[in-house]
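Per TrEMBL, region 'Disordered' is recorded for 1-22, 205-234. Per TrEMBL, domain 'MENTAL' is recorded for 48-218. Residues annotated as transmembrane segment in TrEMBL: 55-76, 96-116, 123-143, 149-166. As annotated by TrEMBL, compositional bias 'Basic and acidic residues' applies to 224-234.
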Amino acid sequence: MSSLPADMENALTGSQSSRASLRDVHSINPTQLMARIESYEGREKKGISDVRRTFCLFVTFDLLFVTLLWIIELNVNGGIENTLEKEVVQYDFYSSYFDIFLLAVFRFKVLILAYAVCRLRHWWAIALTTAVTSAFLLAKVILSKLFSQGAFGYVLPIISFILAWIETWFLDFKVLPQEAEEENRLLIVQDASERAALIPGCLSDGQFYSPPESEAGSEEAEEKQDSEKPLLEL
């Protein structure tokens, strides 16, 4: 017994929403619909949205910033050639910063390949890079001897960790929701344009004409004048 009123309520709400959508279709100007569709199609022709391009620029900034810090660290610790040979050729997990640079290269390659080349619309790639970065940096901070090598022992791990999580936040809360919202708007506009094209009798304002109203009592005044003329002649 309780299911019948619920079904009737759902049917009523569905009919009301459909009527509201039809009213919206009648109220929308066809030129505005075409302009919106063309704008959304122009965005699709770009191949990549503005917010996704900003994300890719931030990923590039991540790589360049970590590289700059690593080069500064090489110069501070006795020159680029000597320190580079020590950190790359004679690599040591406990004292080298070269692996943090490779970690930034790993993030850059995976994220650019996934979200710029393949245009992925899922979070699994950024989750992979952030998880690998966080686990590696935590292990390096706990096991290595970076804190005894000056300020860069603090700066490079902390900067890499923060940048990786900023990329995760930006993709999950900005890129993916905004692109999904734009796609939904495009579907709604296309649906409205198709409904407007299928509905007959969409008349413009120029097809309706109402003649000017005559003054009140004008016909009665003319009849009185016509009836009074013979009396005046007599």
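For all residues, glycine too, the Cβ spot is worked out from N, Cα and C.
For the transmembrane segment (123-143), the partner stretch with the highest count of Cβ pairs under 8 angstroms, out of 55-76, 96-116, 149-166, is 96-116. Taken as a whole, the domain 'MENTAL' (48-218) shows an average pLDDT of 85 in this prediction.
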